[in-house]
Amino acid sequence: MQNKQNQFELEKGIHTDFQEEMSYAGYLQLDKILSSQQRLSNHHDEMLFIIIHQTSELWMKLILHEMEAAIQCILDDDLEPSFKMFARISRIQQQLIQSWSVLSTLTPSEYMEFRECLGHASGFQSYQNRLIEFALGQKNAHVLPVFQHDPEIYEKMTRALHSPSVYDAAIKALAVRGLPIDEDVLHRDYSQTYQPNASVEEAWLTVYRNVDRYWDLYELAEKLVDIGSQQQTWRYMHMNTVERIIGYKKGTGGSSGVSYLKKSLDRSFFPELWTLRTKL
């Protein structure tokens with residue numbers, strides 16, 4: 001009797017014939033996505049390793065999609081639509097941060113069973129992660145040779161290197177609103193990592209001291225702080241997870257591993273948005 005109660009008939013309006021119509025699996029191209037987890041070993045836990053990294057790359061793709069649109073909104077002096085995009089990016093970052101706790105279920109012994117299969121493949125080579133860092137203002141031309149084997153990605157990386165970051169766009173928004181910004185900042189070489197500037201800090205201080213007058217700039221600043229803070233948390237969780245799994249071994253891509261990742265924690269984003277808090 002219990003089994004019958006748990007059964008139910010499909011509602012009459014539910015479609016069941018997809019011979020000539022698009023289905024859920026067809027729309028999402030699940031045949032391609034779900035056939036892309038190709039293990040190079042017979043070890044059970046390699047599937048976890050692959051899926052964590054593949055899903056992270058999908059989330060990064062969405063971050064870049066939202067970030068590109070947000071930067072354009074700011075450059076167009078249309079700040080408000082960007083706030084929704086930044087809020088979404090922040091939620092995506094939370095997903096990415098949480099994914100490290102899933103990967104940390106992989107023990108050192110389990111990882112060593114298939115690590116050699118990776119060769120020199122490494123998260124260091126994640127071009128989407130590099131594009132996110134570029135978009136947040138941390139440019140580094142020295143990483144480009146890592147991607148020269150793929151002309152399309154190399155061109156995309158080069159273009160991003162020379163494009164304004166979201167912080168460059170935000171600083172231009174300050175100038176558009178009449179806040180004095182040094183000319184060498186407004187016309188700087190975008191391929192270089194942004195360096196702190198007194199005029200930018202003073203402009204942000206003016207915004208924070210006059211919130212009602214500059215509400216949208218204030219909101220923009222706080223959205224950037226959210227994203228910068230989440231990115232630092234992601235970096236920390238990355239470092240912590242790597243240390244938990246491989247200790248201080250060198251990375252498969254040739255980096256110093258945990259030591260390299262720890263150095264990245266010293267490179268924060270949007271410097272004046274942090275220093276102003278002491279002076280406010």
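Keep in mind that glycine also has a Cβ here, set from the backbone N, Cα and C atoms.
Binding of substrate is annotated in Swiss-Prot for Phe49, Ile50, Ile51, Ile52, His53, Tyr111, Arg115; the matching candidate from Thr233, Thr252, Thr275 at the same site is Thr252. Its own atom aside, the Cβ of Phe49 (substrate binding site) has 22 Cβ atoms within 10 angstroms in the protein chains shown. With a cut-off of 8 Å between CB atoms and residues at least 6 apart in sequence, the same chain places Trp100, Gly123, Leu261 near His238 (heme binding site), listed in sequence order.
Listed in sequence order, Arg115, Leu118, Gly119, His120, Ala121, Ser122 are the same-chain residues at least 6 apart in sequence whose CB falls under 8 Å from the CB of Thr252 (substrate binding site).
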